[in-house]
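Some features that TrEMBL has for this protein:
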ACT_SITE  Glu167  active site, proton donor
ACT_SITE  Glu354  active site, nucleophile
BINDING   Gln21, His122, Asn166, Tyr295, Trp395, Glu402, Trp403  substrate binding site
Amino acid sequence: MPNRLDLPAGFRWGASTAAYQIEGAVGEGGRGPSVWDVFAARPGAVRDGHTGAVACDHYHRYPEDVALMRGLGLDGYRFSIAWPRIQPTGAGPANPEGLAFYDRLVDELLTAGITPLPTLFHWDLPQSLEETGGWLNRDTAYRFAEYTTAVADRLSDRVPAWITLNEPFVHMVYGYALGIHAPGRALMLDALPAAHHQLLGHGLAAAVLREHGKEVMIANNLTPVRAATADPADLAAADAYDALHNRLFTDPLLLGQYPDLSAFGVTEDLGGAVRPGDLKLIAGPGLDGLGVNYYNPTRIAAPTDPGLPFTEAPIDGVPRTAFGWPVVPDGLRELLVGLRDRYGAALPPITITENGCSYGEELDDQERISYLDGHLRAVEAAVAEGVDVRGYFTWSLLDNFEWAEGYHQRFGLVHVDFETQKRTPKASYTWYRDLIDTHRTWHSHGS
Ligand code: GBH
């Protein structure tokens, strides 16, 4: 039995997934191709040539998956909506079959007593929009707002809060700067307009959601940045990295301005992408909640070659997940307290929208339990220090298609056999269920 966590009564427990990682059925229901279908088909792009064509077949098996969520006792479920199911070519009238799928999913969730928390964009851009420049093209932000209107018109009567974008940093860096994710472009710093246009898309979509009377969130992957040593060169490098990874995606939303990126030789208008009025649109009247995806901290040293103003340094002496990522639970407390200290009254309530780890195929996943327990203790510590954290959504409900790693990294509380599609709850599933139950029971006794 897990020990009780000292978290508020209304604290929301959830799990997260994303469309391309679980749905499969890529040619069904009138769905158009996304950049991930095209990228995954490129030889060498994804480990062992895996693709999301079938994934967890969630498109057909969603009732079984919602039953698994109900078994956990989740308050909320974070999933993403596949834009190419709604607009197969990224423009034009909504595809009724696409809307109908999410309509069924939302109803299934509500019947199970679970609040849907959809993400509008989790990296699966309609391929047609990539052909006109993807997020490097300012027009994509306006297309995103149109798509948001179609989805909100249909679902907002049953969906109270929405996440616009998932991890615009990762999408820009992996997708446009390094080319290790779709759309596979390796533009280095010339990828920066993709950051601005995603944020502009956020602002335009947020306005649509507010017209529908809905709460607006974003899910940013944030990392506490530690300098490798106290040497001024390492400190300056860490500050530059923090500006690029964290502040570039939170300052415009919460402070209405971009951070200083002069260490990268980048001008305030991000290479000409920022137009007058954009920052007002991006900040809008403010976020109703900040989604934080946390996996690990980052250690940064002075650059070893002249291309970039930093270099990544290893974090030694800590355990690692199967992915090789360092396990540092206190980094989450450090991150949350750091956000409160930086943004103060401008910081909206926080929800942890992703946190989890990849391990092997074992069903008795004690390492995952220990990872999750450690990170929840870190949330508890941050709350004790006065940070307003309202909920925790673990990544992920199911083992799924882990992007460039294909099916080789397993993040699920539920094991998926990708041959048979059989779902088997792991020990962490039972542990999480009991943790949620303990939390509820404690508070229902009026303490
Ligand atoms: C998220 O991205 C995604 O939203 C989700 O779709 C994905 O499945 C999930 O996480 C798991 O990957 O080399 O130690 O510095 C996470 C983005 C980028 C977080 C790389 C950790 C650095 C690891 N990640 N990052 S390290």
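Using N, Cα and C of the backbone, Cβ positions are placed for all residues, glycine too.
Feature annotations (TrEMBL) mapped to structure.
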{"residue": "Gln21", "record": "substrate binding site", "Cβ contacts under 8 Å, 6 or more apart": "Gly52, Ala55, Cys56, His122, Ser396, Asn400, Phe401, Glu402, Trp403"}
{"residue": "Asn166", "record": "substrate binding site", "Cβ contacts under 8 Å, 6 or more apart": "Ala18, Ser80, Thr119, Phe121, His122, Trp123, Ala219, Asn293"}
{"residue": "Glu167", "record": "active site, proton donor", "Cβ contacts under 8 Å, 6 or more apart": "Ala219, Asn220, Asn221, Asn293"}
{"residue": "Tyr295", "record": "substrate binding site", "Cβ contacts under 8 Å, 6 or more apart": "Asn221, Thr223, Trp325, Glu354, Asn355, Gly356, Cys357"}
{"residue": "Trp395", "record": "substrate binding site", "Cβ contacts under 8 Å, 6 or more apart": "Ala15, Ser16, Asn293, Glu354, Asn355, Gly356, Phe411"}
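Considering only the residues assigned to substrate binding, Gln21, His122, Asn166, Tyr295, Trp395, Glu402, Trp403, the longest pairwise Cα distance works out to 18 Å. In the three-state DSSP assignment, the secondary structure recorded for Tyr295 (substrate binding site) is coil. Under the DSSP three-state reduction, Glu402 (substrate binding site) is assigned to coil, being neither helix nor strand. If you draw a 10 Å sphere around the CB of His122 (substrate binding site), it holds 25 other CB atoms from the protein chains shown.
Secondary structure at the residue listed as 'active site, proton donor', as computed by DSSP, is coil. Each of the recorded positions Glu354, Glu402 was scored by how many other Cβ atoms lie within 10 Å of its Cβ, and the smallest score goes to Glu402. Gln21 (substrate binding site) falls within a helical segment according to DSSP.
Cβ proximity to the substrate site centre (mean Cβ of Gln21, His122, Asn166, Tyr295, Trp395, Glu402, Trp403, cutoff 8 Å) flags the following additional same-chain residues: Ala18, Glu167, Glu354, Ser396, Asn400, Phe411.
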